[in-house]
Amino acid sequence: MPELPEVETVRRGLQPFMEGATVVRVEQNRPDLRFAFPENFAERLSGRRIEALGRRAKYLTVHLDDGLSIISHLGMSGSFRIEAEDAQGLPGGFHHERSKNSLHDHVVFHLMRSDGASARIIYNDPRRFGFMLFAEKGALEEHPLLKDLGVEPTGNLLSGEVLAALFKGRRTPLKAALLDQRLIAGLGNIYVCEALWRAGLSPMRAAGSVAGEMDVMERLAGAIRSVIAQAIAAGGSSLKDYIQADGALGYFQHSFSVYGREGKPCRNPACGGTVERVVQSGRSTFFCASCQT
């Protein structure tokens, strides 16, 4: 399932083609994905101007000129394909074969861009686990999917001081705390494993046990911010079914230090340990017991 960097990569790929464009019409090829499409989905979007594309945690948000917003989630295998005259100029050249399989094209947005050029934005989802829902004018932040989300782990919003306040008194393992979307929004299994390795912290350690150590909290906050920023710059992890908006595979997976590297040498040159795998709450955790304490 795509994590925050993958969704941000998709947002940035779609942005030049969607922002400022007018929706000419929408082809809706089935009544539902994970959830049913909103009533009159295609009709309500026709003629609307797209003001901005945003992201909250792992959700893509599309803001329209009448105040209506679309909340979209890519699910396990969702992707957007761009068909436009200048689309070939984007990285990847739109050559990913799966994204061109029209059998799973469930929604097609026909757009007229501000420069007069046309574009088609196609949502493809073989597993149909993604979704598109509406948030009415003024109700986006209070939407049930968004209202309880925690702080974003990007920019300067996440600091050691913020982490200390979030972790204080918590007995849950550090990894579980970092995956709690009510505390920090958008972190997933891959990048939590990587951030904990960079910070030198055991994923099994109780979150509250380090809340009072500000140097440790600052180190962890910095590790989270840097791993997310680097993943976004690299185009996301592209594991399994995830692909970018332009159809190209990302390459951050080549930089993984622990994730998926069970039994391989730790990449900390001062360590000499071996990457281990354990299961926490049904998910694989990769870490180095030698340098993560």
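Using the three backbone atoms N, Cα and C, a Cβ is placed for every residue, glycine included.
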Range annotated as zinc finger - as stated in Swiss-Prot, picked from 72-108, 257-293: 257-293
From K58, H104, R127, R170, R283: recorded positions whose CA lies within 10 A of E3 (active site, proton donor): K58
Cα-Cα distance linking K58 (active site, proton donor) and R127 (DNA binding site), given in Å to the nearest integer: 18
Most distant Cα pair in Å, residues H104, R127, R170 binding DNA: 44
Among P2, K58, R283, which are recorded as active-site residues, the nearest neighbour of R170 (DNA binding site) by Cα: R283
Minimum Cα separation from H104 (DNA binding site), reported as the residue among active-site residues P2, K58, R283 that achieves it: P2
K58 (active site, proton donor) versus R283 (active site, proton donor) - Cα distance in angstrom: 18
